[in-house]
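The next block holds one structure in the form of structure tokens; read it before the comments.
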Amino acid sequence: MTPRRITLLFLLVCLSLSSARLHPLDPLTPSEISSIRRIIKNSSLGSSKSLTFQYVGLDEPDKSEVFSWLSGHAAPPRRAFVIARSDRQTHEIYVDISKHSITSDKVYNGFGYPMLNIEEQVEASALPLKYDPFIESVKKRGEELKDVVCTTFSVGWFGEAKQGKRLLKILCFLTGNTVNFYARPLEGITVVVDLDAMEIVEYEDRFSVPVPKSVGTDYRASKQKPPFGPKTNKPGMVVQPEGKGFEIDGHTIRWANWAFHLGYDVRAGSIISLASIQENDNGAHRRVLYRGYVSELFVPYMDPSEEWYYKTFFDAGEFGFGLSMSSLEPMADCPTNAAFMDVYFANQDGKPFRIRNALCVFERYAGDASWRHTEIGIPNEVITEVRQEVSLIVRMVSTVGNYDYVIDWEFKTGGSIKLGVSLTGILEVRAAPFAHVDQITNDEHGTLIAENTIGVYHDHFITYYLDLDIDGSNNSFVKSKLKTVRVADGETPRKSYWTLIKETAKTEADARIEIGSESAELLVINPNKKTKLGNSIGYRLISNGATAASLLTDDDHPQIRASYSKKQVSLTGILEVRAAPFAHVDQITNDEHGTLIAENTIGVYHDHFITYYLDLDIDGSNNSFVKSKLKTVRVADGETPRKSYWTLIKETAKTEADARIEIGSESAELLVINPNKKTKLGNSIGYRLISNGATAASLLTDDDHPQIRASYSKKQVWLTAYNKSEKWAAGLYADEGRGDDNLAVWSQRYEAASH
Ligand SMILES: [Cu+2]
């Protein structure tokens, strides 16, 4: 959100095209960016005094052109797509770089505006400092103008029917003797800038709140008084005595059994293309992912008040996830064994600039095993085999205002690709007149995190574009649903089992998935390719916990703009096997309760339910279990431009039944707190239980005997009072046990006792 203070190195030398053949998906080179600028400056637009470049990127060739080039045909022409502003109009310009010509220039007449560039944000941020009413407001607060810094915030859309102006809001903060100005907002002031006129068109100073002192919040190590956190005295480093295991050839990276193209874009940041994996037997590469990148980040805040309601950012589309890339610090952002890559974008004037070391690539070895087995079943022999887990990471960091997003693409030798997002940086806070939680009587839309400082509730929705091309471009989306089957009495001692029902999505609507809403595996398969045994070839989408759906009402304007955020998908050991008389899937006519994984071999469907005993004693033995539920609140019409927000409702479990939780059944945070201890500000002290994706409930029927023995496997969290004898979820005597002394039974016992 803020103009970044990184050094932008302008390329003064006009590089001639290097002799190396460009890959059709290579990002625009600095010399291409210069050519594009020349071509546009030489056109009729060139005479416009107000011409600015808002987006300059590769006009990606069609897939068919790329594949044709890969099979040895001529490269498609290098083309660029440019969004420029001139005389209050948005131009969509296509440029043929090789022909030095503009192929089309169309004025866009819709409601939206292009991405902001850095220069206009810097210019707009400086306006309040020369604006008399603002200077007055600073004085009135007893602060000095020299301590004030301002940054930019997109204004959003709140139902206005008419075409608006290209506006930006400016918020100001105090630095003084700290660089952590986000912790010191000048609350109550709204500055609106018309970007085309580059002037303040609206100004309001509604109220003032004490600026948080934010003592000790300067994060620079040099400003931290020792002791600074727990010491790890013996820092480690990654050493690869034989060198790096990957090779970078232009933008193509080859490592282990993977090959892919690493590009970038000013809006998306890093882009992975043409990821393919090498076959063991014949060395041929099989296609997996045609193109993948971060497509949007929606960040709505939950405070509907005048100064905060509009904070509903689209970090990629408004501020540029690529434009906000940070130079990575060797040995800190990326390990010692990393290779770095610079990126080049166009500035406001269309000239190329570089962000040094914006991407890094490295092999990760964290001392984990990817597969292991110890075999003691063969008399007089112990066989142990362990394989190292090594993967390849492509990393970028995008710093959008206060937040730093770390985006990882992780490639594993087993064939999987893992998308990693971590958020760090600084919280955006609101100044408020509270020094203790007890002073708060209304919903303050956040948590008192320091004196006079509220951390405002908000979400981050990160959306990926994934064009999977598994073994070819023709792919299907399949939901593999787990369905409980009840067995007819007497047929078997079992009463139930689960099996798989595969459903292929026929329309896009079939492929809008709310993760966790049903027991289903999400597969992308190639319907025209099969393994030798006749099984489908594809990839499974595995969510790793942090999925969420937006809680805003459907008619709230930020939600209309990000309506996609209601759904999450728009589209080790030795397996125990059973011998079976099949050599091909086509021979199977009944439910064989598994998958034909090799000739005459069925891998039987099964679950692993792992139950932990956790006796938390947070700051003492007396702890409570609290559900912190996220609840949508609808705003009365006219009160604020927003129609909804979410807030937290805290419920302390009174009985064991209150603390039986099905994770994902509601939007709730699970906390274990010490009710007798508080922070200085009056907040609870506790730990949060965070589930990391692989939670499940058993699908067996309640009266099936295995389920009676493991009746606790229907819920993921159980809370019981301390009882020394209650150690083993399945009871002390699990073998042949009957479920009369298990976790679920203990829970009921307490319930009976407490009523
Ligand atoms: Cu956040």
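Every residue gets a Cβ built from N, Cα and C, even glycine.
Copied over from TrEMBL:
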type: ACT_SITE; residues: D315; note: active site, proton acceptor
type: ACT_SITE; residues: Y403; note: active site, schiff-base intermediate with substrate
type: DOMAIN; residues: 114-211; note: domain 'Copper amine oxidase N3-terminal'
type: DOMAIN; residues: 238-572; note: domain 'Copper amine oxidase catalytic'
type: MOD_RES; residues: Y403; note: 2',4',5'-topaquinone
type: SIGNAL; residues: 1-20; note: signal peptide
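Residue environment of D315 (active site, proton acceptor) contains 23 other Cβ atoms, counted within 10 Å of its Cβ in all protein chains.
Geometry remark: the residue listed as 'active site, proton acceptor' versus the residue listed as 'active site, schiff-base intermediate with substrate', CA distance 10 Å. Under 8 Å, Cβ to Cβ, and six or more positions away along its own chain, the residue listed as 'active site, schiff-base intermediate with substrate' finds V299, D315, L423, T424, G425, I426, H460. DSSP assigns the residue listed as 'active site, proton acceptor' to a helical segment in the three-state reduction. Averaged over the domain 'Copper amine oxidase N3-terminal' (114-211), the predicted model has a pLDDT of 94.
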